[in-house]
Every structure is written in C-alpha cells, then in structure tokens.
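Engineer: The annotation domain 'Methionyl/Leucyl tRNA synthetase' is assigned in TrEMBL to A:47-178. As annotated by TrEMBL, motif ''HIGH' region' applies to A:49-59. The feature domain 'Leucyl-tRNA synthetase editing' is assigned by TrEMBL to A:228-412. Residues or ranges marked as domain 'Aminoacyl-tRNA synthetase class Ia' in TrEMBL: A:426-582, A:625-664. Sequence annotations record features per position, and here TrEMBL assigns motif ''KMSKS' region' to A:625-629. Feature annotation from TrEMBL assigns ATP binding site to A:628. Summarising the annotation, TrEMBL assigns domain 'Methionyl/Valyl/Leucyl/Isoleucyl-tRNA synthetase anticodon-binding' to A:698-819.
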RNA sequence: GCGGACGUGGCGGAACCGGUAGACGCAGCAGACUUAAAAUCUGCUAUCCAUUUGGGUGUGCGGGUUCGAGUCCCGCCGUCCGCACCA
C-alpha cells in the first residue's frame, strides 16, 4: 500500500469509527475494581445533552475535553466508564408538538438519532451500550420507584403554597428557575398562584449540603461559593413582639440581636398576615399594599426603589423594656418569604433601616461604637456596620458584638420571649410540573383513602401515547381516560396524579444509572460502590446551582435511606468556557435592531468583513457566545465535512484555557487542519533512521514532552498540552534523521492519540509491526518515561548584575554555589561591568541564575 | 449594594514555589520552490534608540516588600460573572 501524501480525514474518520465499534473498544471493563483487576477506575462524565436536534460547538468542546481524558485514562491503565445519554424530557418537545403537530416522543427520538449520529462523527470513546434517555419508561419507571422510596422516608411532601406560575409555559417554576421575576425559559413575567404542590425536602439537608461543600476541594471555588450563597445560612435570634396593651403580636428574626437597644421601629412585610388584617379596616393601607405588590423585582427596579412605609398606628413593647414602645410600620423592603416577614429597625447599624428612618424622620440611636464616638444620636446617612463595642445599651455596654449577641440570646431564652435560631435562604424543591412530557408522579388520589402511593409492582406509570397538544395546559389532566383508575388500597374509583416531575429530577441520578442499570431496580448498590463518585464531571457553569445542588441533594437523600454509600456524587468538577464568535451586522436605522449575518455569508479579512451578496462592508461586532439570534453560529457538521473530526477536536482544545471562552475563527480551524497534515507527513518519516545513531538531545526533549503532556492532560490543561506537542513536533522536524528521531515520530503518535484519535490510528496502522504493541492505538499504553532522560546534564545559567540580565553561561548541572559564582565573575563581560571592584553581594540560585550586586 | 474572578504583543495565550517575560498558535512581513496559483519550506515579527556587539522601556495605573516582582502586600482604574431590600 502506498502512503497518501495527504491525510484523508473524512475516510479515515469513518474507517476508524467503524473499527472501534466492531472491536467494541470502548466497552466499560466491568471489573472496575482495583481489587479485582488491579487497575484503578476512572468515571469520566460530561453533562448529558438536551436533545434539541443538532449539536452545537459548545457540545463539541465539552465532549472533546471529556474524551481526551477518557482516552488518556484508558492509555494509563484505568478501567474507564465514559457513557452518554439524553436529558430527554422537557418543554421544547411539547412546544414542538403544539407548533408542528408532532408527538413529543417522535420529535425527541428523531432528535436523539440525529444528535447521536453527530456525536459519533466526533469519534468519542463512549460506551454506547450504556446509552439512556430519561424519557425511556425503563428510566423514568425506576425514577418513580426512587420517588416512592423518598416518600416513604418522609423526604417528599405535598403542600399548598404560592407558586411561581409561568403564564406562557402554563407551568410552575422553582425559585431557582425565576430570574429577575421572569421564567428562565419563556421569559414571561411570573405570577403568584396558590396550588397544591409536590416538594422534595432539600431543606432537611441544608446544613449537610453547606458543610459538604468543604469536602469538595476539586470543585471550582466559584461554584462552591455560589452554592454557599444560595443555601444562605444566617444565625440569629427569633423573638416575639407583644402589641402594647398585651395583645399577641408577631415574630421577628434578626442576625443582630446585639443592636436591640438601637431599635426605633418595628416593620412588617406588606404580605404579612397582620398587614392584610389591618388593611381590611384601612383603605389607605390597602392601597399602600397594592402599590408595593405592583413594584417590580428586577435588578434595576430594586436598585432605585425608594424605601416606603405606612405607619399602622400600632405599637409594640420592646422586649427588654416593656415601657418602651416602638411604632409598627408596613414597609416595602421587608420580604414575606424570608425569616418571619417582620423585623425590628435599627437605623444606626443597618443601611436600609437608616434610609427609611431618614425619610420618615425616625429616631436613630447609636449602640455600636468603634472609638470615642459614643453619643446616642447618630449622624450622617451611612449606617455603621463595622466592629466595635456596645454603648447606650444597659447591660450590654462594653461588650464586643459577638459577646452581646450571645448575651441577648441567652437572656431571651431565659426569659422565654425568644430563642437563638438559624434561618436559611434555601427553600424546599418544588417538583410539580403541569406538563405531559415528564415523569408521571406515581400517586393516586382516592376520595375514600386520600393520597395513595402507587404500589411498586404497578410501575412504571407510563405516559399515554395519545394526548392532545392543541391548546395550552396539562394534556395529562385533560386526557379522557388516563387519569381514571382504581385505588390500590380500597379498589374504588380514583384519579391519578397528573403532575409530572421537574426535569431536574431526571438529571439528579442519571450518573448512577449509567454505572448500573438492572431491569428490576434503579441500580445495583454494589456496582455503584465500585464506580461512584464520578472522578471527573465536566459541564457548563450555568448548572453551578440548579443541577449540581439537586444532584448533591438526591445523592445524600439516597444515602440517608441506605441505597448508596457516598455523600457526594462528583469528586471533581470542571466548568468549561463557552465557544464564542464575532458578530456581523448592519444597522437598519432608528429604532430597528441590527440585521445579523452568519459567518458563511461574510468574507473576513484582516481589515474587516464584507458581505458576499453585495461586496459591501458589514460591521464586525464583539466576540460573544454563539447564539442563533445573533447568527454567529458555526455548524459542527459543516466543519466535520470540511476538516474532519481531529482538526475540529484539536482546535477546540488549543489556545484558550478550557475554563475560559474559546473564540472560534476560520483561521484557527485552518491552523488546526494544517497541523493535522503536518503531523501526517512527519509520521510518514517514522522509519527514516538515517545512519541509525542516537540523538541524545532529541531523546531528552521527547521524554520531557511525554511527562509534561501527561501532566497537562491530567490537569485538564489541554491548551498547554497542545503547545508542548507543537514544540515537540518542531524539534523532531529540525532533528537530523536518526534512530531516535524515528522512535520520536512513532511515540508522537501516542501523544496525540487522545486528541486526534483518527489520525493516530491511521498512522499507527502504517507502522511496522515491530513498533506496534497493539492492533489499535486505542488499546495502546501511554509511552513510558525514562527518568534518566528527564534532566539535562548541562544547564544555562543567567547572570544578572543589579537584577538586570547581562550574560549567560552553560555549566554542568548541580555545581555548587562557589563554583557557579566563580564562573560568573570570570566572564569578561561581567568583569567589565564591575569595573574591577569586588561585588557587594552575590546571590546564586542553583542551576538557574546568579545575581551580582555591585 | 454585597461577593468573586480577571487585566501580559495586532489577536488567543505561556511563564514551576518570587529567579531569562512573551513558549506555542493565529495574523502579518520578507524570501525559496512554481509559468502561475494553491500547498509546502526558510527567516523575521513587544517597543524605542543604536542598528554590527549593544542599551533603554515594558505584564492596567500609583506605591511598597525583596538582591530580584507578571507572580507577594497596600491603594486606585477597568472588564466580566454571580447574588441581591435575605433583616
């Protein structure tokens, strides 16, 4: 067979993908247990995609990274689990059903088929036998079983509550899914609606989920911090105010019980039951409350919102001095759904209270002083929130803040009017969705027996195939027959629950099902124990809170009921950056949005860009995340057709650090393509041994590259690994033919194999048998490093004079300081600079540099 | 407002633990090969002065610690991200 002078990527991609498939190369080695196989396990997982229909460049980047790691782990002797599946339930399928009249199942399955095909073209080392879609009855039936287990354990509740109702999607949203008062998917303004809802008691785990973050030392600090803020633990005092006259009042929560003597008013939320009660007899208050509710919740509105209040005329007794009465106001800045919906106002030491007090001319008393400022009247418009000592506070005077907090709590508990308590920002997870395309909640409403769990033997509760999607609302609820059933308990007529589960439930345990998927139960705990936790999880930062917090909760919930013995599902998390592209647009005149063009429609030059259709310039905009609306998208299929999988993968891994955004460019992919071809030519020289001699300098470079590339891949520093491989290729090309050079060419195949697997296979197949340890490079081992070749025996030492680089010498490695110093001072150039004078001081850093202070 | 991250050539970025700043790639310039183009190869490419050898400046800005700072400390400026009347 004569060797092609160009690497034919398209044919090679197909050839090797077929070869891997028929050799079953990426099937998981079931032992997965160092005890049995002697090999460590590596569970490499990328967040599974939603089957929207087409993959995008973000997927390519995400899966290329995971794939490099999975292939590298195989090469370094691990049993690897690297699966793929589909987060297949959710709104878009139902929207498609409504808009195009296709069934959600058919739409979803077709999308999965299309995307699977696209992913396979990337040549991913995935064990496709473990593929799952969350809309498989196999999968969601087991999810129903888990839901029943959690119910039995008291971790599922049903409560009547105000919910976030998305009027466009006609569904309920979790708090986390409401962004600036709008639905995260539809963008519609969210309304408050009272409904009976299913909840998972994530708040039971608030403390554990917070504490657990400390153990996740291989997670980005940023994500841990975001979760910590989300959980929002505050410790303080909860106490009751009595209305003056002795009538029962209301409870307040504060994190600053130390400032109680600085109180000058009490404030309740417009949604507080007391405010609502008072409003019945006060039309003015009713008007005020209505205005507060109209007030928006978006960032800008809150920023500029004025503190407004309504004096109820009521007064409450100060808990530490019953003769001291505080006026009760209804104010717009106290939220009903945090703490108790009521506070005491201490204007001197809380900015919001101070703004409010200044507006309504209320007393402002200093109770914390950081120096000699101890007058009772507080001046200025900036609250003092720093440290200090208590003043004007009777028995607290002179105490530090923490001491005073403890003293007030102790006194409250002793006298019985309050207690130390912890308040969380985290709410229970509302999982009810009034949708068709989700996991049916396995419960039955019986008029006689009430709420009855579906017996496990009757699972899965399958979605009906015939459903009407022509109008908004829940197709399950209006289905003519599906919800009618009999009660498992009394046998009488009963109705099925028609809510389905939030899709974040589906993604809270898919990583377990990948590891173990028996037919008769959700998973086999013994197999889970072998594979979990996931060793490397890779996905977008957009899941920092929702998905990752829910999955952590679900895992802990399963641990509590004894089904798994891990607390945290993901040992190491990596959040990759987005793929971005510049935009091309033309202004369309006043008031109109600009007209955007796709990269295909435009010719880009160094100076600017012109539209192919008319040859006139278009405006080159900022580099931003690829999005359909800005038309700055590049279709992976087109790239694969033109350049093949390896060039696409290589470019995705080059240049930008993986956690940062990657600017896509035509020049960049061209560069990757050229490098693929260059390597192909280089690999072709692998048998050119010249005179057969050794090239020790090249051998050193080779072995250093083997070690450094391995370390870079291990640390997910793909851009650095790419740079090192480039440098090594340069070095090999410059070297004269030799046995070492031939060996280096062959070894380079292995170094690029995780990133460019098709090219590697093609080149590997061209090697003589003597050089090939395995038929497929996919089964080959990572090259061994010869430690003796890692270090040079000579080093270049820089000579500085007064901290400035003036000269350099090459010396044997490991010389002692005196010898290095003498060698440096002996240099004519250094002697000249010193002008004959003895140096004041000489610093020698072994094998690195000499700094001479004249 | 609170919290966090980041500022290095024309661009993406590299630089171990404080020790040669700009690796590697892209773009650009010059040259070789070619009838020509593509492809490929070679060289140059932070900046200013001298242009042969060298010297000055330079990692957002201003200070500081140190023999030595992109890296550590203090204070600014800018960009991006997250949260948000959370009591």
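Using the three backbone atoms N, Cα and C, a Cβ is placed for every residue, glycine included.
All annotation found in TrEMBL is predicted automatically rather than curated by experts.
In terms of burial and nearby residues, how do these features look in this structure?
Structural biologist: Taken through DSSP, the domain 'Methionyl/Leucyl tRNA synthetase' (A:47-178) splits into 69 helix, 22 strand, 41 coil.
Note on the motif ''HIGH' region' (A:49-59): residues 86-88, 90, 92, 108, 110-112, 114-115, 118-119, 133, 540, 578-579, 626, 633-637, 652, 664 of its chain, located 6 or more positions outside it, place their CB under 8 angstroms from a CB of the stretch.
Within its own chain, the domain 'Aminoacyl-tRNA synthetase class Ia' (A:625-664) is flanked in space by residues 9-10, 12-13, 54-61, 64-65, 67-68, 118, 121-123, 220, 574-584, 596-599, 671-673, 675-676, 716-719, 721-722, 755-759, which lie at least six positions past its ends and keep a Cβ under 8 Å from the stretch.
Cβ neighbours of residue A:628 (ATP binding site) (same chain, under 8 Å, six or more residues apart in sequence): none. For the recorded site, residue A:628 (ATP binding site), the DSSP three-state label reads coil.
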Engineer: What does DSSP give as the helix, strand and coil breakdown of the domain 'Methionyl/Valyl/Leucyl/Isoleucyl-tRNA synthetase anticodon-binding' (A:698-819)?
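Structural biologist: Helix/strand/coil tally for the domain 'Methionyl/Valyl/Leucyl/Isoleucyl-tRNA synthetase anticodon-binding' (A:698-819): 69 helix, 17 strand, 36 coil.
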